[in-house]
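Now, the feature entries from Swiss-Prot:
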type	residues	note
CARBOHYD	N71	N-linked glycosylation site
MOTIF	57-77	motif 'RxLR-dEER'
SIGNAL	1-29	signal peptide
Amino acid sequence: MTGILCFPPFARFFMLLSGCAWLAGVSSGTSLVASAFSDENQLSEFVHVAEIAQIHRNLRGHINSAIIEANDTSEERMQPNNVVGEGKAPSGAQETVAQILVKGMNKVADFLKDLTRSQK
């Protein structure tokens, strides 16, 4: 079986139905998303969910960059020429990592403040 016949009957029906919705949307000059959501409330909820997903990605990016920066600084300070005693980093290295993490969290907090201001 090849082509559309390899799909189960319910999938073929869904593809046919979505194709009809797409054709109806194209023929009336509306966008595909607008034709899929007949109610404006549904469309605004869809946009809201997409915005929330983007916010989560941005927050993850800020947090990950702070962690990467902290790890890089920690690894630089843990080089053999900087080691004090038996494989221990100088006490300043731990403070620096903590300070970098705090800076990263401050960036996240600033991002959230800007976000709440833009939502008002």
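Just so it is clear, glycine is given a Cβ too, placed from its N, Cα and C backbone atoms.
Taken residue by residue with DSSP, N71 (N-linked glycosylation site) is part of a helix. In the predicted model, the motif 'RxLR-dEER' (57-77) has a mean pLDDT of 72.
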